[in-house]
Amino acid sequence: MRIVLAYSGGLDTSVILKLMQEKLGAEVITVTVDVGQKDDFEKIEEKAYKFGAVKHYYIDAKEEFAENYVCKAIKANALYENAYPLSTALARPLIVEKLVEVAKKEGAGIIAHGCTGKGNDQVRFNLGIKALMPEAEILQPVAEWNLTRDWEMEYAKKHGIPVSDKIYSIDENIWGRSIEGGVLEDPSIEPPEEVFEWTVSIEKAPDKPEYVTIGFENGVPVSLNGEKMKLLELILKLNEIAGKHGVGRIDHIEDRSVGIKSREVYEAPAAVTLIKAHQDLEKLTLTKWVIEFKSIVDSKWSWLVYNGLWYEPLRLALEGFIDEAEKAVNGEVTVKLWKGNAIVVGRKSDNALYDVKMATYEKFSTFDQKLAKGFIELFGMQSVLAYNMLHGVHSTSNISEIKEAIKTLE
């Protein structure tokens, strides 16, 4: 029996690695996918072999993650429940893809992961595996074998598995960092400063603001302060720049896929800055009808990704609309980073629908104001008539005008 295990090197997956050998007599192949987490990958590989893995794969997928996943999220202004930029959720389909590739290569019929039965990741992993490799058996030991934290820690001590004294559970990649556990489970308590690594507090942020200019092509960031660069590099640089100004801290109540409400704390400096800049450029370059409808599409796209439905055909259909709309989203946006805020202060585009000659109140305006009166009459006609009907309001002037018109016809 060969099993491919998504391996982080943490307590859960290290305990699972040993247990699958003991309980099932399995040969376990471990896979670690690098999506930008700040881990010691050499130590993770050492641990994998130490605890019995017959083979270990380290896969650097950072650039693929940026170009094929984060890119889509930016174009979709992806914020689940208007807050969470989907950092963890976006990475799961890519990790699943790599697990399936290894399983097929190694002839393994079982894919295992360390997800609990309470979180969203079990949905994302299981649905993804079933979509890409329907014949695979999915093993979820923490949930299926009802492993508790206390039991795992006791087992780890007996088998020489290092037990971290960290209070918080961390998941990170280039797009964001999520923090769970400890006092954060009480939503009434402010997150202590110790939980944050990517961002400084507002109190410690510089008093002087910093300005960044982000260039977009077809809705995708392609330059920072006039320098062309790949999306991965741009995100990493912006995480550092925006983070030092306290931008990107998120603390909100989130509805999980399994029906639980949870308090979630994130750091996402680049994500917050880029999405804000992108949305502003859309306002400059898209019609109000496209913007209005796209907000619905974006929200649904975010919901699908959050809930593990990456392989749902609706996602691709929504992306068809998004990609068409984004053809016009080209230009530059200047953002002021200051004391936890990312404030758009300037934008320009060759595709701008803003015309200063139309918008100005100065004498060189080209807008014919006389047209407004007739427009207003037509625009609000049904609303005014409905109000009058419901409230018994009748215009005698209108009646007189109608009578005069009838006489003219006679």
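Quick reminder: no glycine exception, Cβ is built from N, Cα and C everywhere.
If you look up Swiss-Prot, you'll see Ala6, Tyr7, Ser8, Gly9, Gly10, Leu11, Asp12, Thr13, Ser14, Gly114 marked as ATP binding site. When secondary structure is read from DSSP and collapsed to three states, Gly10 (ATP binding site) falls in the coil class. With a 10 A radius on its CB, Gly10 (ATP binding site) counts 18 other CB atoms from all the protein chains.
Feature annotation from Swiss-Prot assigns L-citrulline binding site to Tyr84, Asn120, Arg124, Ser169, Ser178, Glu254, Tyr266; the stated evidence is sequence analysis. According to DSSP, Ser178 (L-citrulline binding site) sits within a strand segment. Around the Cβ of Ser178 (L-citrulline binding site), the same chain contributes Ser87, Thr88, Ile170, Asp171, Glu172, Glu264, Val265, Tyr266, each under 8 angstroms and 6 or more positions distant in sequence.
Annotation comment: Swiss-Prot describes Thr116, Asn120, Asp121 as L-aspartate binding site. Annotation note: Asn120 (L-citrulline binding site) sits in a coil segment as assigned by DSSP.
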Ala6 (ATP binding site) versus binding-site residues Tyr84, Asn120, Arg124 - nearest by Cα: Arg124
Shortest C-alpha distance to Ser14 (ATP binding site) - which of the binding-site residues Tyr84, Asp121, Ser169, Glu254: Ser169
Nearest of the binding-site residues (Ser8, Gly10, Asp12, Asp121) to Glu254 (L-citrulline binding site) - Cα to Cα: Asp121
Cβ neighbours of Arg124 (L-citrulline binding site) where a neighbour is any other Cβ within 10 Å: 27
Most Cβ neighbours inside 10 Å, all chains, among the binding-site residues Thr116, Asn120, Ser169: Asn120
Extent of the ATP binding site in Å [max Cα distance among Ala6, Tyr7, Ser8, Gly9, Gly10, Leu11, Asp12, Thr13, Ser14, Gly114]: 13
Cβ-centroid neighbourhood (8 Å) of the L-aspartate site, Thr116, Asn120, Asp121 excluded: Cys115, Lys118, Gly119, Gln122, Val123, Arg124
